[in-house]
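Some features that TrEMBL has for this protein:
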TRANSMEM  98-117  transmembrane segment
TRANSMEM  123-148  transmembrane segment
TRANSMEM  274-293  transmembrane segment
TRANSMEM  313-336  transmembrane segment
TRANSMEM  348-369  transmembrane segment
TRANSMEM  389-416  transmembrane segment
TRANSMEM  428-453  transmembrane segment
TRANSMEM  473-491  transmembrane segment
């Protein structure tokens, strides 16, 4: 087994070390009296500046560490499997499932055990526990360093993409050959770091493409034409110009690129619609960690006389749903492979689509539960919804967990598998950007809805939940997500998956 190169390991090590320093600072802000919010006094009108500085510095260090090491660590783990080895490739298809299982298991412990320690022991003990766990994981990671596989760094992965555009523009006046085999490519027998991709078959003229779309009664001819114009232009980067000598062909990548480089550029362009249509799903997921939990704070947390669920632990139901769906999917995957004749069971984008459907069901369930809660508030304004059990929120948390098990894991696989081999860490970062951008879009959507509904009479977002209409907001999200699924189906059906050439041994 090849040994890990020090650069990616060093990145993961330093970023994890940065996160550990953040946890240490967070612990110090609660452990050392001089760093307490109110100093030695028990109460104060506002926290001391020194506490604010240490606290927010710790939070930022943890955030930078998390945002830095998560994409590289996940792609690094998947890189331990050899795509050219059939048995390892099959095992790799379960990697995202078990990676998610591990993350959710840790989240479940945080929402139950750590939350219990925070509420019943102290925040200091909880912070110390997290620091010890982080330090232990860092040591385990370092112990395995001599045994990891690695990919040799080959420079910036964006450089070949820019070369494709420059080379295509420089040969913009040339006509593409009728036979794709006349385009330049590295011979399969030649040793290369990455895998070679097959040329994407497209029609050769916009007019023929438009006529064909009309004959087939395709309602989206404009999309076909735009797709061809982009793809046909990029193919020109691999045209072998008769004016170039053999030395220039080999030494000037800004003038001549391979078919594989062109196809990698097409893959990135193909991902843009998928990325955009994943945003509404991310908005639905955002509700689980915001409004869903806020709903839980107004309900009865008691399960029995001596047992109650802290508000932060309600999210553990979603985690259980996600873990269960991932395990079940991994167990039935062999049967799905036999039924669908697809090595993954479902195609990646089919799996994402199933998760999107579950997100619509989640919003419908959340709207119905919120309507019931508001009815209790209207009938008894004094007690409000305090007589309603928090268990009523279990269905919406459970369903969004199942949706995550399909869509989030599917998106992880998609952005890792479909990007160029040299950009897999970037691909995982694109996946995380979907969720991050969805939270921002969610904030903008709330602002727009608040402004629009306030102008029409009463805002859906009042001073508290009892004066708000979250049920209407959930219905709106259900409609938006359902409409988005229609767009997603069109985009997914048109998507061309990465087509890798078989390696010559």
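Each residue, glycine too, has its Cβ placed from N, Cα and C.
Those TrEMBL annotations? Automatic predictions, nothing curated.
Against the transmembrane segment (313-336), stretch 389-416 has more CB pairs under 8 A than any other of 98-117, 123-148, 389-416, 428-453, 473-491. Residues 74, 77-78, 125-126, 129-130, 310, 312-313, 315-316, 319-320, 322-323, 326-327, 330, 405, 408-409, 412 of the same chain lie 6+ residues outside the transmembrane segment (98-117) yet bring a C-beta within less than 8 angstroms of a C-beta in it. Proximity of the transmembrane segment (428-453) to the transmembrane segment (123-148) is not established, fewer than 3 Cβ-Cβ distances being under 8 Å for residue pairs spaced 6 or more apart.
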